[in-house]
Amino acid sequence: MMQRPPFRPEEYSLKETRPHLGGHAAGDKLTSTYDLVGQMQYLYVRVVKAKELPNMDLTGSCDPYVEVKLGNYKGATRFFEKNNHPEWNQVFAFSKERIQASAVEIVVKDKDLIKDDFIGRVSFDLNEVPKRVPPDSPLAPQWYRLEDRNGHKVKGELMLAVWMGTQADEAFPEAWHSDAASVFGDGLATIKSKVYLTPKLWYLRVNVIEAQDLIPNDKTRFPEVYVKAMLGNQVLRTRVSPARTLNPMWNEDLMFVAAEPFEEHLILSVEDRVAPGKDEVVGRTVISLQHVPRRLDHRLLTSQWYNLEKHVMIDGEQKKETKFSSRIHLRICLEGGYHVLDESTHYSSDLRPTAKPLWKPSIGILELGILTAQGLLPMKTKDGRGTTDAYCVAKYGQKWVRTRTIIDSFTPKWNEQYTWEVYDPCTVITIGVFDNCHLNGGDKANGARDIRIGKVRIRLSTLETDRVYTHSYPLIVLTPAGVKKMGEVQLAVRFTCSSLLNMMHLYSQPLLPKMHYVHPLSVMQVDNLRRQATNIVSTRLGRAEPPLRKEIVEYMLDVDSHMWSMRKSKANFFRIMGVLSPLISVAKWFDQICHWRNPLTTILIHVLFVILVLYPELILPTIFLYLFLIGVWYYRWRPRQPPHMDTRLSHAETAHPDELDEEFDTFPTSRQPDIVRMRYDRLRSVAGRIQTVVGDLATQGERLQSLLSWRDPRATALFVVFCFIAAIVLYVTPFRVVVFLAGLYVLRHPRFRHKMPSVPLNFFRRLPARTDSML
């Protein structure tokens, strides 16, 4: 068995960097609009059109295209058949870092079967090329007369613009890049940077009330009817109507996710369960979502009757029956007051309701500079050697961005900057790095999937406002062989707040829109609707050009985050222990006080206790003052870095190989029966321990209830008598005296203590619980 490499925590830690951003060192006061990335210089050549090109073929025609050459790099436009006045309007970008020539040459050629003919050329000395810095207007193209190889003027003119610029140029996203000179055809579309928008999602509520005058196929029996509703690939059913009549009632809500533009229709069919596993359609209706009313709150909308259509088979063809008077009573609406959850609630990037009129004003701007990556591992093999074609995807709110793909590089430099409006600081931006597997065939690459390299999440509320954070984040993935570092990605992040007062006010507001609390959805509904929403988002983004593929969208949205995993269960258990550890520490400290381990501390606690008993009005101020002092004390050790993926917290580095294999197993399982049996037995043992703990908690609660329930008449009688005596004593005795005596009893010296459990504890443990009644 292969030995796992030793775990080195520093390898997985966050590193602060000081890159030069926009020509300044990180942390300097930056003023330019493209200031979170390093400037990259490019030579741009815009080939617009040509005119009066000479005829080159024997047929008296010309099939022109343009070739732009700079040293070893060569880019070409598409060619036009038999066109002496072609128009291309294509831009070529050459990275200044890789320029090894002093001149750029633009050559017009005639496409031929054997060898392309030279028509003419235009060349520019790079020292003479003008510089352009946005927001300057784009450089106006000019007509240039073509020359032959010797520099003599020939027939034909070419319209061009040549300039030096940066990646902030408007032409940059659509330009042909010299870095991608090896990519052709369909693959070119997959390497460009793009911005995508999540489709606008709505919850569709269908309240199925009743049906009237149903005509079942078998009239000798009363029908067992239910309603089946379909929207796209979402299918929901009501329960079978309890009343077996021709006028059944359900009054049941069905919830769907719908996306604008509404392409699918809602199809409702009333079906009769004639036998187990056999259902017959009694009638159906099709409803267009375009005309469905939208509501912003929980006010009741008017219901409507819809006619049911019946389809009968005549000579093998489905035909609509005309004389058919069955109806169905429905209340349908698109819910604008909810936020449609399409990502894990722990990492939500958007919490606004669907309906725009309910949006509150934005509270700030989030700016992200995707700079570089270092130490990426080879993701695939090409020509016998390892290679990686990396790109980044960032998702916040409804806006997804995708950087350009850097071809064949383990240290890619993107230097792209993006901006989002922020409506709530308690949200998370997710940045993923992927390897592009669609360069040599676009979508036709036989089922190829882009490989995940790693992911970074940054919670905005953990960032100080107006500060530029520049860090190198480890890219960590969990594989069946264990945790693996795939490299590092360098990001620059800035959260700018437009109104501090508005942002502080948000901390007093509920996280989700009002409808989630006034008319809440069940946990099961939320899970099902989230699954449908992620399916819709991945399908719609997969239909964009170039597509943002399903595997990328699902990884960014954490689709598998709710799947069972032994590793995650252990990690969450230790998280709970971590949360409880301060309470356990306080309990141990108090126990030491009570047992006089340190007499001086115990005497000081006695003095404090006596002061608080004599002056009880000081108790609350003392508690808040103590919390204030702790908060001020901890300010010195406040985190100076954003959070990052923690392998130790995730228990990734200590996970057993079989636990990892179980985590990466498909659902339903694809493993051998004996392995599944072993895992099932292990799951039962873990679940048994959890069941015991939950049962113990329930037992303590039931014992509290049985104090007054007369379940144990003697115990309840004792407790009632004790309560009566305690009430009389507390009425006649000052409360301070009671508290003082109780405190002295708790803090008594060890010589007055014995190791046997106390009387109240013995009494409580003897109380009955409902475990006796369980099978």
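Heads up, the Cβ atoms here are built off N, Cα and C, so glycines get one too.
Small disclaimer: the values here were computed from a predicted structure and weren't measured.
According to TrEMBL, the features are:
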- 1-26: region 'Disordered' (REGION)
- 7-19: compositional bias 'Basic and acidic residues' (COMPBIAS)
- 24-144: domain 'C2' (DOMAIN)
- 185-306: domain 'C2' (DOMAIN)
- 347-473: domain 'C2' (DOMAIN)
- 602-635: transmembrane segment (TRANSMEM)
- 717-747: transmembrane segment (TRANSMEM)
Distant-in-sequence neighbours of the transmembrane segment (717-747), which means Cβ under 8 A and at least six residues beyond its ends: 593-594, 602, 605-606, 609-610, 613-614, 616, 707-708, 763
Mean per-residue pLDDT computed across the domain 'C2' (24-144): 82
Tally of residues which DSSP labels helix, strand or coil - the domain 'C2' (185-306): 10 helix, 63 strand, 49 coil
DSSP helix/strand/coil residue counts for the domain 'C2' (347-473): 10 helix, 62 strand, 55 coil
Tally of residues which DSSP labels helix, strand or coil - the domain 'C2' (24-144): 6 helix, 54 strand, 61 coil
